[in-house]
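What Swiss-Prot records for 16-36, 71-91, 97-117, 169-189, 196-216 is transmembrane segment. Residues or ranges marked as heme b 1 binding site in Swiss-Prot: 67, 219. Annotation source Swiss-Prot lists heme b 2 binding site at 98, 205, citing similarity to another entry. Annotated menaquinone binding site per Swiss-Prot: 219, in sequence order.
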(Lines of atoms letter the chains of each structure in order from A and count residues from 1; the text may use other names and numbers.)
(Lines give C-alpha, C1' and ligand atoms only; values in the text may rest on other atoms or scores of the structure.)
Protein backbone atom coordinates (compact mmCIF):
# COMPACT_ATOMS: atom_id res chain seq x y z
CA UNK A 1 0.00 0.00 0.00
CA UNK A 2 1.09 3.55 -0.71
CA UNK A 3 1.83 4.91 2.76
CA UNK A 4 3.65 7.99 1.50
CA UNK A 5 1.05 10.08 -0.25
CA UNK A 6 -2.70 9.64 -0.45
CA UNK A 7 -2.68 6.25 1.24
CA UNK A 8 -6.41 6.48 1.92
CA UNK A 9 -6.95 6.63 -1.84
CA UNK A 10 -4.60 3.83 -2.82
CA UNK A 11 -6.10 1.83 -5.68
CA UNK A 12 -4.90 -1.75 -5.96
CA UNK A 13 -5.29 -3.65 -9.26
CA UNK A 14 -8.25 -5.52 -7.78
CA UNK A 15 -10.01 -2.37 -6.55
CA UNK A 16 -10.95 0.60 -8.67
CA UNK A 17 -13.72 2.97 -7.54
CA UNK A 18 -16.66 3.22 -9.90
CA UNK A 19 -15.80 6.73 -11.10
CA UNK A 20 -12.31 5.63 -12.09
CA UNK A 21 -13.72 2.68 -14.04
CA UNK A 22 -16.04 5.07 -15.89
CA UNK A 23 -13.08 7.36 -16.61
CA UNK A 24 -11.09 4.43 -17.98
CA UNK A 25 -14.00 3.50 -20.25
CA UNK A 26 -14.20 7.08 -21.52
CA UNK A 27 -10.47 7.09 -22.36
CA UNK A 28 -10.81 3.73 -24.11
CA UNK A 29 -13.85 4.88 -26.11
CA UNK A 30 -12.01 8.01 -27.19
CA UNK A 31 -9.04 5.99 -28.41
CA UNK A 32 -11.37 3.67 -30.33
CA UNK A 33 -13.13 6.70 -31.84
CA UNK A 34 -9.84 8.20 -32.99
CA UNK A 35 -8.78 4.91 -34.56
CA UNK A 36 -12.11 4.63 -36.40
CA UNK A 37 -11.83 8.22 -37.62
CA UNK A 38 -8.29 7.55 -38.88
CA UNK A 39 -9.39 4.40 -40.72
CA UNK A 40 -12.36 6.16 -42.33
CA UNK A 41 -10.16 9.06 -43.37
CA UNK A 42 -7.67 6.67 -44.93
CA UNK A 43 -10.38 4.78 -46.82
CA UNK A 44 -12.62 7.67 -47.90
CA UNK A 45 -10.40 10.70 -48.43
CA UNK A 46 -9.61 11.06 -52.14
CA UNK A 47 -6.00 11.04 -53.26
CA UNK A 48 -5.30 14.44 -54.75
CA UNK A 49 -2.22 15.93 -56.33
CA UNK A 50 -0.58 18.39 -53.97
CA UNK A 51 -0.23 22.00 -55.02
CA UNK A 52 2.57 24.38 -54.21
CA UNK A 53 3.74 24.25 -50.59
CA UNK A 54 3.64 27.49 -48.64
CA UNK A 55 5.54 28.07 -45.41
CA UNK A 56 4.70 30.68 -42.79
CA UNK A 57 6.86 31.23 -39.71
CA UNK A 58 4.25 31.09 -36.93
CA UNK A 59 6.00 29.52 -33.94
CA UNK A 60 8.86 31.41 -32.32
CA UNK A 61 11.76 29.66 -30.62
CA UNK A 62 10.37 30.65 -27.20
CA UNK A 63 6.99 29.10 -28.02
CA UNK A 64 8.59 25.93 -29.34
CA UNK A 65 10.82 25.52 -26.29
CA UNK A 66 7.85 26.09 -24.03
CA UNK A 67 5.73 23.62 -26.01
CA UNK A 68 8.25 20.76 -25.91
CA UNK A 69 9.11 21.39 -22.26
CA UNK A 70 5.43 21.50 -21.36
CA UNK A 71 4.78 18.29 -23.28
CA UNK A 72 7.65 16.50 -21.51
CA UNK A 73 6.38 17.66 -18.12
CA UNK A 74 2.85 16.44 -18.89
CA UNK A 75 4.17 12.99 -19.81
CA UNK A 76 6.36 12.78 -16.71
CA UNK A 77 3.53 13.98 -14.47
CA UNK A 78 1.05 11.49 -15.92
CA UNK A 79 3.48 8.57 -15.62
CA UNK A 80 4.76 9.45 -12.15
CA UNK A 81 1.22 10.10 -10.94
CA UNK A 82 0.05 6.76 -12.32
CA UNK A 83 2.94 4.80 -10.83
CA UNK A 84 2.77 6.62 -7.51
CA UNK A 85 -1.00 6.44 -7.15
CA UNK A 86 -1.17 2.73 -7.95
CA UNK A 87 2.06 1.84 -6.12
CA UNK A 88 3.84 0.62 -9.24
CA UNK A 89 7.61 0.57 -8.96
CA UNK A 90 9.60 2.84 -6.61
CA UNK A 91 6.76 4.91 -5.13
CA UNK A 92 8.97 7.29 -3.15
CA UNK A 93 10.93 8.17 -6.29
CA UNK A 94 7.73 8.64 -8.30
CA UNK A 95 6.37 11.02 -5.66
CA UNK A 96 9.56 13.08 -5.81
CA UNK A 97 9.52 13.16 -9.61
CA UNK A 98 5.86 14.19 -9.57
CA UNK A 99 6.50 16.95 -7.05
CA UNK A 100 9.45 18.50 -8.88
CA UNK A 101 7.74 18.23 -12.25
CA UNK A 102 4.70 19.91 -10.73
CA UNK A 103 6.77 22.91 -9.64
CA UNK A 104 8.41 22.97 -13.08
CA UNK A 105 4.95 22.99 -14.68
CA UNK A 106 4.06 25.99 -12.53
CA UNK A 107 7.18 27.80 -13.79
CA UNK A 108 6.37 26.90 -17.39
CA UNK A 109 2.79 28.11 -16.98
CA UNK A 110 3.98 31.45 -15.60
CA UNK A 111 6.37 31.66 -18.56
CA UNK A 112 3.49 30.96 -20.95
CA UNK A 113 1.39 33.74 -19.43
CA UNK A 114 4.33 36.17 -19.59
CA UNK A 115 4.97 35.32 -23.25
CA UNK A 116 1.34 36.04 -24.07
CA UNK A 117 1.40 39.30 -22.11
CA UNK A 118 4.63 40.63 -23.59
CA UNK A 119 4.54 39.38 -27.20
CA UNK A 120 2.06 39.20 -30.05
CA UNK A 121 1.35 35.56 -29.25
CA UNK A 122 -1.39 36.63 -26.85
CA UNK A 123 -3.66 37.76 -29.70
CA UNK A 124 -4.19 34.15 -30.74
CA UNK A 125 -6.00 33.54 -27.44
CA UNK A 126 -8.43 36.46 -27.80
CA UNK A 127 -11.76 35.06 -28.89
CA UNK A 128 -13.83 36.89 -31.49
CA UNK A 129 -17.34 36.06 -30.34
CA UNK A 130 -18.97 37.41 -33.49
CA UNK A 131 -20.06 34.36 -35.49
CA UNK A 132 -18.24 32.02 -33.11
CA UNK A 133 -20.97 29.37 -33.05
CA UNK A 134 -21.15 29.30 -36.85
CA UNK A 135 -17.38 28.98 -37.16
CA UNK A 136 -17.29 26.16 -34.59
CA UNK A 137 -20.01 24.31 -36.51
CA UNK A 138 -18.04 24.69 -39.75
CA UNK A 139 -14.91 23.34 -38.10
CA UNK A 140 -16.78 20.44 -36.48
CA UNK A 141 -18.37 19.54 -39.81
CA UNK A 142 -14.93 19.54 -41.42
CA UNK A 143 -13.49 17.17 -38.80
CA UNK A 144 -16.47 14.81 -39.04
CA UNK A 145 -17.28 14.88 -42.75
CA UNK A 146 -15.31 17.36 -44.84
CA UNK A 147 -11.92 15.82 -44.18
CA UNK A 148 -13.28 12.46 -45.35
CA UNK A 149 -14.11 14.03 -48.72
CA UNK A 150 -10.84 15.88 -49.12
CA UNK A 151 -12.38 19.31 -48.62
CA UNK A 152 -10.15 22.30 -48.01
CA UNK A 153 -9.64 23.29 -44.39
CA UNK A 154 -12.14 26.05 -43.53
CA UNK A 155 -9.58 27.98 -41.44
CA UNK A 156 -5.97 28.18 -42.58
CA UNK A 157 -3.38 29.12 -39.96
CA UNK A 158 -2.01 32.64 -40.50
CA UNK A 159 0.12 35.14 -38.62
CA UNK A 160 -3.09 36.85 -37.51
CA UNK A 161 -4.76 33.68 -36.23
CA UNK A 162 -2.86 30.42 -35.77
CA UNK A 163 -5.83 28.47 -34.45
CA UNK A 164 -9.14 27.36 -35.85
CA UNK A 165 -12.09 28.22 -33.55
CA UNK A 166 -12.22 24.81 -31.85
CA UNK A 167 -8.47 24.85 -31.25
CA UNK A 168 -8.65 28.33 -29.78
CA UNK A 169 -11.40 27.41 -27.33
CA UNK A 170 -9.68 24.15 -26.39
CA UNK A 171 -6.29 25.80 -25.78
CA UNK A 172 -7.92 28.56 -23.77
CA UNK A 173 -9.67 25.99 -21.58
CA UNK A 174 -6.52 23.92 -21.14
CA UNK A 175 -4.03 26.70 -20.47
CA UNK A 176 -6.20 29.10 -18.49
CA UNK A 177 -8.45 26.64 -16.64
CA UNK A 178 -7.24 23.03 -16.59
CA UNK A 179 -3.53 23.68 -15.98
CA UNK A 180 -4.11 26.25 -13.19
CA UNK A 181 -6.59 23.89 -11.53
CA UNK A 182 -4.12 21.01 -11.80
CA UNK A 183 -1.44 23.16 -10.18
CA UNK A 184 -3.74 24.39 -7.40
CA UNK A 185 -5.12 20.94 -6.57
CA UNK A 186 -1.61 19.50 -6.75
CA UNK A 187 -0.33 22.06 -4.25
CA UNK A 188 -3.29 21.37 -1.95
CA UNK A 189 -2.47 17.65 -2.14
CA UNK A 190 1.15 18.38 -1.33
CA UNK A 191 0.19 20.67 1.56
CA UNK A 192 -3.13 19.19 2.80
CA UNK A 193 -2.94 21.16 6.06
CA UNK A 194 -3.66 24.38 4.13
CA UNK A 195 -7.29 23.57 3.35
CA UNK A 196 -7.81 20.25 5.11
CA UNK A 197 -9.27 18.72 1.94
CA UNK A 198 -6.53 16.26 1.03
CA UNK A 199 -8.69 13.30 -0.09
CA UNK A 200 -11.12 15.52 -2.00
CA UNK A 201 -8.30 17.38 -3.72
CA UNK A 202 -6.59 14.12 -4.65
CA UNK A 203 -9.72 12.80 -6.39
CA UNK A 204 -10.23 16.14 -8.14
CA UNK A 205 -6.56 16.26 -9.14
CA UNK A 206 -6.77 12.80 -10.66
CA UNK A 207 -10.01 13.63 -12.51
CA UNK A 208 -8.37 16.74 -13.98
CA UNK A 209 -5.36 14.65 -15.01
CA UNK A 210 -7.66 12.28 -16.90
CA UNK A 211 -9.16 15.27 -18.74
CA UNK A 212 -5.61 16.30 -19.59
CA UNK A 213 -4.92 12.80 -20.91
CA UNK A 214 -8.00 13.00 -23.14
CA UNK A 215 -6.78 16.33 -24.51
CA UNK A 216 -3.32 14.93 -25.23
CA UNK A 217 -4.80 11.98 -27.14
CA UNK A 218 -6.98 14.28 -29.25
CA UNK A 219 -4.16 16.79 -29.73
CA UNK A 220 -1.70 14.18 -30.97
CA UNK A 221 -4.24 12.73 -33.39
CA UNK A 222 -5.28 16.10 -34.78
CA UNK A 223 -1.61 16.87 -35.38
CA UNK A 224 -1.58 14.05 -37.95
CA UNK A 225 -4.23 15.77 -40.09
CA UNK A 226 -1.78 17.78 -42.20
CA UNK A 227 -0.90 17.03 -45.81
CA UNK A 228 1.34 14.31 -44.36
CA UNK A 229 1.12 12.73 -40.88
CA UNK A 230 4.33 14.45 -39.78
CA UNK A 231 3.80 17.86 -41.36
CA UNK A 232 2.27 19.59 -38.33
CA UNK A 233 4.81 18.04 -35.96
CA UNK A 234 7.59 19.57 -38.08
CA UNK A 235 6.18 23.03 -37.39
CA UNK A 236 7.10 22.64 -33.73
CA UNK A 237 10.65 21.74 -34.75
CA UNK A 238 11.51 24.61 -37.10
CA UNK A 239 8.60 27.00 -36.48
CA UNK A 240 7.17 26.90 -40.01
CA UNK A 241 3.54 26.06 -40.66
CA UNK A 242 3.23 24.32 -44.02
CA UNK A 243 0.21 24.00 -46.24
CA UNK A 244 -0.37 23.32 -49.90
CA UNK A 245 -2.58 25.32 -52.21
CA UNK A 246 -5.08 23.44 -54.32
CA UNK A 247 -3.90 22.76 -57.87
CA UNK A 248 -5.81 24.59 -60.57
CA UNK A 249 -9.12 22.96 -61.22
CA UNK A 250 -8.98 20.99 -57.96
CA UNK A 251 -11.00 22.52 -55.16
CA UNK A 252 -10.70 19.56 -52.83
CA UNK A 253 -7.02 19.71 -51.94
CA UNK A 254 -5.87 21.49 -48.82
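For all residues, glycine too, the Cβ spot is worked out from N, Cα and C.
Cα of residue 98 (heme b 2 binding site) to Cα of residue 67 (heme b 1 binding site): a span of 19 Å.
Around residue 219 (heme b 1 binding site), there are no C-beta neighbours below 8 angstroms that are at least 6 residues distant in the chain. Non-local neighbours of the transmembrane segment (169-189) in the same chain are 5-6, 102, 105-106, 109, 112, 125, 127, 136, 163, 195, 197-198, 201-202, 204-205, 208-209, 211-212, 215; each lies 6+ residues outside the stretch with a CB under 8 Å from one of its CB atoms. Applying an 8 A CB threshold to same-chain residues 6+ apart, the list for residue 205 (heme b 2 binding site) reads 182, 185, 186, 189.
The binding-site residues under consideration are 67, 98. Their Cβ neighbour counts within 10 Å are lowest for 67. Sequence-distant neighbours of the transmembrane segment (196-216) (same chain, 6+ residues past either end, Cβ-Cβ under 8 Å): 6, 8-9, 19-20, 23, 26-27, 30, 74, 77-78, 81, 85, 170, 174, 178, 181-182, 185-186, 188-189.
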